[in-house]
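If you check TrEMBL, you get these features:
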ACT_SITE  GLU418  active site, proton donor/acceptor
COMPBIAS  8-19  compositional bias 'Low complexity'
COMPBIAS  22-33  compositional bias 'Basic and acidic residues'
COMPBIAS  38-56  compositional bias 'Polar residues'
COMPBIAS  57-77  compositional bias 'Basic and acidic residues'
COMPBIAS  133-151  compositional bias 'Basic and acidic residues'
COMPBIAS  165-175  compositional bias 'Basic and acidic residues'
COMPBIAS  502-514  compositional bias 'Polar residues'
DOMAIN    242-517  domain 'MYST-type HAT'
REGION    1-80  region 'Disordered'
REGION    133-186  region 'Disordered'
REGION    498-521  region 'Disordered'
Amino acid sequence: MPKRTRLTRASLRLSQSSQDTPDVKRVGDHDESPPLTPTGNAPSSESELDISSPNASHDESVAKDPALRDSDKDLSHRPKRRRCHETYNFNMKCPTPGCNSLGHLTGKHERHFAVSGCPLYHNLSADDCKVKATTREKHEEESKVQEESNRHATRHQMPTSKQTRYKEQVTEMRKGRNSGLPKEQKEKYMEHRQSHGNTREPLLENITSEYDLELFRKAQARASEDLKTPQEKLRIQGQITEGSNMIKTILFGRYELDTWYHSPYPEEYARLGRLYVCEFCLKYMKSQTILRRHMAKCVWKHPPGDEVYRKGAISVFEVDGKKNKIYCQNLCLLAKLFLDHKTLYYDVEPFLFYVMTEADNTGCHLVGYFSKEKNSFLNYNVSCILTMPQYMRQGFGKMLIDFSYLLSKVEEKVGSPERPLSDLGLISYRSYWKEVLLRYMYNFQGKEISIKEISQETAVNPVDIVSTLQSLQMLKYWKGKHLVLKRQDLIDEWKAKETKRGSNNKTIDPSSLKWTPPKGT
């Protein structure tokens, strides 16, 4: 395997760590690696646990430990810790205009975060939903009692007088709806439609019988309960139900992040509800005291492996899952807190991890990463990709995708992400493919466009190109042939956005890549 270029960042290493703390080893030593996985021994940081009273003040612990005093001095200029409340599928607010997210169509919850459960969208109030829910529950209880009595009275198969009267009442209500709506009612419906558009449900009163309308409302409420995503269920229940074995928040650098999904950390850590993670070596700990002591001695200021890309403050490190197994396992455990369908945790040896960081005077801070198989039979250039919540919506996700395709170009291969893609991943990739195709169309000067040529130049799989062209309505079947339509309106719209972004837009510079493909891949 040819030797990769390694760009050092010597200015980011601790200059005094080897002098002040003789027991601290250098970056290359394996004793300073992050904690072992659940299959191994307990983390070494457990030996650093302060056995004194848990009520001891922070000042006393700092006064006793000179390393902590130096650490506090070094980090005094850093920004204050901030909470990050980014969500995966929604932003903790109902998208209906004018809605405050209070109430739920089912009448069972105090809040909602989707249109399917919004009382305002369905032209109801939160109190109306609660009243209807109470009525439905009462009818369901009466039906259960009636079914139970019918089960014990199998000889009486004829409908009761109450059931007969109810059937006649429903039939009478339905007969009254055969006539058309009056003019005033139609004008009211049209006015409602014009004033609210698609942000509200059309008025349904007097269109059908009250019985059928109530059946429809009952079906809507049941559907809204079934359509809730796992994230929405957690938020509605107050983040997470008490007693469940899931980490709620993590302290990561200067950020306090709310987690979205369960990650298989060891049970002794998961049941704490809050985890403390070193942002450089990704070692996870139980308390802030342990984290503070660890940060005073941790010599890691950037991910392990080779720095294969650097432009400005942005760097990308190539980390081999076989050489840095513990770091990669901890990275996967951290990523699972924000990814739903991730299944790789411990078998990291067949993968390479490309970790993107943003550097300042304290170190290289984790922005995101993607992993890829060393030898992919289907030429997947990404197995898993994640942007940390505090860096989302800033263009870093597109940079990670662009970097993965840059590696494919250097390898002279056509790449594609591993399926299935998450909802957020599909949106990100579809946006990237759209931008790549429109840029190609803008620069293309020929008369005939070949999908194969587009694939070879952009390293995007032809299947992904075709699906993107179809979504943009730029692919047409005519006279037995597929034609690519050059939609100038989309190209002009893309060019206007590109010009508006200016030179500050986050992009990958191919000339800043210092990387040679490993042999045998």
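Every residue gets a Cβ built from N, Cα and C, even glycine.
All TrEMBL annotations are machine predictions without curation.
Source: prediction; values computed, not measured.
Outside the compositional bias 'Basic and acidic residues' (165-175) by six or more residues, the chain places 159, 209-212 with a CB less than 8 A from a CB of the stretch. Remark: secondary structure over the compositional bias 'Basic and acidic residues' (165-175) totals 11 helix, 0 strand, 0 coil, with classes taken from DSSP. In sequence order, LEU378, TYR380, VAL382, SER383, CYS384 constitute the residues six or more apart from the residue listed as 'active site, proton donor/acceptor' in its chain with CB-CB distances below 8 Å. For the compositional bias 'Basic and acidic residues' (133-151), the DSSP counts in helix, strand and coil order read 19 helix, 0 strand, 0 coil. Mean per-residue pLDDT, taken over the domain 'MYST-type HAT' (242-517), amounts to 89.
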